[in-house]
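Listed in TrEMBL:
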- 1-17: signal peptide (SIGNAL)
- 224-306: domain 'Ig-like' (DOMAIN)
- 312-391: domain 'Ig-like' (DOMAIN)
- 401-485: domain 'Ig-like' (DOMAIN)
- 491-583: domain 'Ig-like' (DOMAIN)
- 593-615: transmembrane segment (TRANSMEM)
- 623-711: region 'Disordered' (REGION)
- 660-674: compositional bias 'Basic and acidic residues' (COMPBIAS)
- 691-701: compositional bias 'Basic and acidic residues' (COMPBIAS)
Amino acid sequence: MYLALLVIFLQCSELYSQKRVFTFNTVDIKVQPSVKVKNGAPLSITCHADISKSTDFQLKHNFTVFKDGKLVFMTVSDKRDARYEIPVARSSDTGDYECTVEAGGKTKSSNSLHVWVTGMTKPILTAEKKEVLEGEVVKLRCELPEEVPPLYFFFRKMKMNSTPKEKSVFESQRNFSVVEFPVEEGDNILQFDCFARRNVKLEFESSEHSKKTLVTVREPFIKPTLNVKPSSNITEGDRIQIECSTVVARMRDIEIILQKNKTILNSVRDEKLLKYSAVATLEDSGEYQCKVEQGRASKTTKLNIVVSELFPKPILAASVIKLDENKELTLSCSINGFQKANFSILRKNSNADIWLKNSKNLTMRVNVNDTGSYICKAEVKGIVKESKPVTINVYAPVSKPTLSVVSGLPEVVLGKSLLLICRSVMGTPPITFTFYKGNKIKETVVNDTYATFLDENIGQNDKGGYRCDAKNNHSSGMKTSNILNITVIVPIKNASLGSVPYGEVEDGSETVFLCSVKEGSWPIRFRIFRKTDREVLLFEKNENAHRVVWRREAMNRQDTGTYYCMASNRANVDVKSHPITISVILAAWQKGVIAAFVLILIAGAVTLTLWWLLCKKKKAKGPSMEMSGSALATNSPNEKLTRQHNDGDYYSGSGYIEGSENHMKSTDESKGPDLESAEVEYTEVEVSTLDPHRDSVENRHSRLQGHPDAT
């Protein structure tokens, strides 16, 4: 029964779940009246869910509206539509809107829809002060309370008959901005306004301009007054007086400055009047400027002053500007059309001018130290004017020049360059030096005390004829050096080495080496080397010749090796010959001694061989006789043993002999017929142990003679 109820319950649940099946088809978002509305107009955003159901049942819908990814509206409804109302749309409502619907555990979102609220609210502009002084600043604040950042703010400063000045500020976090405008000279009634801009989808949108704000400017002081006395017809020598004054509202921090061509002549602080006085000169003509400053405020007045010339500048004349030392020089100072003046003549100096004479004229006998610039000064009514300088050059004659080679020695390597120097110890510069090679002018140089000349690629014929001339502006004229002859050094070429004998040399014999060169200037330094595992200098000599001979009297085996020679001269170039190889061999007598020694050795060997053969032949006879005696002795071994024991002439090594006898006995008993051969071997051993060979033979013969079988 319970099982049946459970089956019925499951069937009912399955039927119930089949009845509540639904699915989202689409979710749409709409804007009314349109996606682009004016600022201040109403705006409605509707979210609609299109859902399919298996049966008609109630379903709760959670509607969520997002703007630029941020939640702006949320509601729950059993209807398939939800509406987000914005009664007054502002530019801040511009953005991308999206709707999301959640129902029965399922969620679906609409596509994104961009809404643009066109136009911006009118900004509000306020000024910190309505009345300011020149030099102060006007602080302004522009605000858009209903807008959201980021915003661009623009401020404008306007005055009569002038182009507005504008400042811009970008605010990324605030919907207001603050700026300051300085109040300048000439500002009196100022008007300010502002507006804002924003960036929407890469397009800029601007707000209306704010209401104009009026700011009144007061002067802290009036424009200065600049006066000069006398006011006109000012002549050099007159005393001029300049006054600059102003009227100030507040004396504190007031400053008056007098300038001429940006040069400050005088200044005062916390005073309303500035005075300046000076004796007028022609250089005092120009534009004068009086400037009054207080804080940031500044006002200027300009005045042009012309000073007439009292007398022209004096002129200094010289009788001559280039002259020899110990000559007479006359200087004269004058003023065109003006005679009454106090004159003085001076010499210019870097530290201070040197006074020479208070007069129009000066005559003196000069020396080299009087070279320099001279001026004259003229004074009238306290006005001093200076002439243009006149340069005087006093010349001492040049001394006879000396011509030499810069490197020192009067020589040069063939093909190289020759650097000559011409020097004149005395003489006032500039000095003109002229170089000659033979009778041809090669170069002319102007210098102070010396000059150089480079003659390139010297040949063998360039050996002499160099000279130089020196002259300056002295009337004595030109001086000539002595003629300089040059030695041309020919470098070494093609060194070679030979020897007699060549190649193989007998030990103890003499060898002659010859080192020679094809060409080269004398003296020549010859060196001969031997190279084995290291280089050894054997011979060195300087010769005024193209060859040198060296005799090596007694050569030995250590002299075997490679030889070469090197030659050099003052060209400082070492030339190396091709190497030759010398082998030291045995002398003829040494070979004879060795041959004789070898022959002696051969003869000795032959002699020894013959002697050995003779000895061997004699030994062969002795054993044959003993074998005969041994054959007889085989029948009486006891007798033989007795005779051996009593024979005092035998070798005393009895142990070896007894062992041999025992061995022979055992052999005789076991083998029988082999006894005779054993006796022969025993006899040979016994003979080799005898001291004198002759006694041994005699004893054996006596034994054989006394043996019973001797017959």
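Backbone N, Cα and C define each Cβ position, glycine as well.
Unlike curated entries, TrEMBL annotations are predicted automatically.
Proximity of distant same-chain residues to the transmembrane segment (593-615), defined by a Cβ-Cβ separation under 8 Å and at least 6 residues beyond the stretch ends, is recorded for 586. Across the domain 'Ig-like' (224-306), DSSP assigns 3 helix, 53 strand, 27 coil. Across the domain 'Ig-like' (491-583), DSSP helix (H, G, I), strand (E, B) and coil residues number 3 helix, 53 strand, 37 coil. Break the domain 'Ig-like' (401-485) down by DSSP state and the numbers are 0 helix, 43 strand, 42 coil.
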